[in-house]
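For GLY17, GLY19, LYS20, SER21, THR22, ARG113, the entry in TrEMBL reads ATP binding site. According to TrEMBL, the region 'NMPbind' annotation covers 37-60. The region 'LID' annotation in TrEMBL covers 112-122.
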Amino acid sequence: MNLNRPLPNILVTGTPGVGKSTISKKLAERTKFAWREVSKLAEEHNCLDEYDAEYQCPFLNEDKLLDIMEGMMAKGGNIVDYHGCEFFPERWFDGVFVIRTNNTTLYDRLSARGYTGKKLEDNIQCEIFETLLEEAQSSYKPEIIMQLQNETPEQLQENIEKIIEWIERWKEQNI
Ligand code: DAT
């Protein structure tokens, strides 16, 4: 959806551990787009409410966060990095990239991060059941959703190039 932004807004989403931050950081360095780490923004702007003991993470005050992000999104040129996508306004995004990783690789990455027990299992199941892909498909038009497999350093490089090519095409078509 082009709302006369000079640059596109991109959402990089997927299960924790699939490589969203790694991709977003490299992409931001290459494109000079702003990397918006939603979890960090929520922390910095006091959008985290009381702790959810079952899921071992704080509740996100979504409305407050959206108010804070609205101004940032208006000019385009944002890479939004978050393990959720349904609560953002659809009009914010021109491209939605769902990052995917196979179970064994994801298990190793999340174990290395210190995840254990229910938290580890829930995240692996989230990837197996394609929860984030389904969430993206129910929130955005199919033509703006792209899946990227991200297990190896070679794939990381390819994924960066694919997103940069997508940005260049967007500019040709929209400016
Ligand atoms: P996320 O932001 O989705 O939680 P991350 O970017 O922190 O994930 O990556 C999790 C770990 O996996 C981190 O140690 C970096 C590593 N990683 C990410 N993409 C990779 C790739 N394509 N090849 C090898 N390691 C990768």
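Even glycines carry a Cβ here, placed using N, Cα and C.
Automated prediction, rather than curation, is the source of TrEMBL annotations.
All features noted in TrEMBL, drawn onto the structure.
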residue : record           : CB count, 10 Å
GLY17   : ATP binding site : 25
GLY19   : ATP binding site : 24
LYS20   : ATP binding site : 26
SER21   : ATP binding site : 16
THR22   : ATP binding site : 17
ARG113  : ATP binding site : 13
Can you go through the binding-site residues GLY17, GLY19, SER21, ARG113 and pick out those with a C-beta less than 6 angstroms from ligand 1?
GLY17, GLY19, SER21
Write out, in the order they occur in the sequence, the residues of the chain not among GLY17, GLY19, LYS20, SER21, THR22, ARG113 that have a C-beta within 8 Å of the mean position of the C-beta atoms of the recorded ATP site.
PRO16, VAL18, ILE23, ARG109
For the region 'LID' (112-122), what are the DSSP-based totals of helix, strand and coil residues?
7 helix, 0 strand, 4 coil
Site extent for ATP, whole Å (max Cα pair distance, GLY17, GLY19, LYS20, SER21, THR22, ARG113):
14
From the DSSP assignment alone, can you count helix, strand and coil residues within the region 'NMPbind' (37-60)?
7 helix, 10 strand, 7 coil
Going by DSSP, is LYS20 (ATP binding site) part of a helix, a strand, or coil?
helix
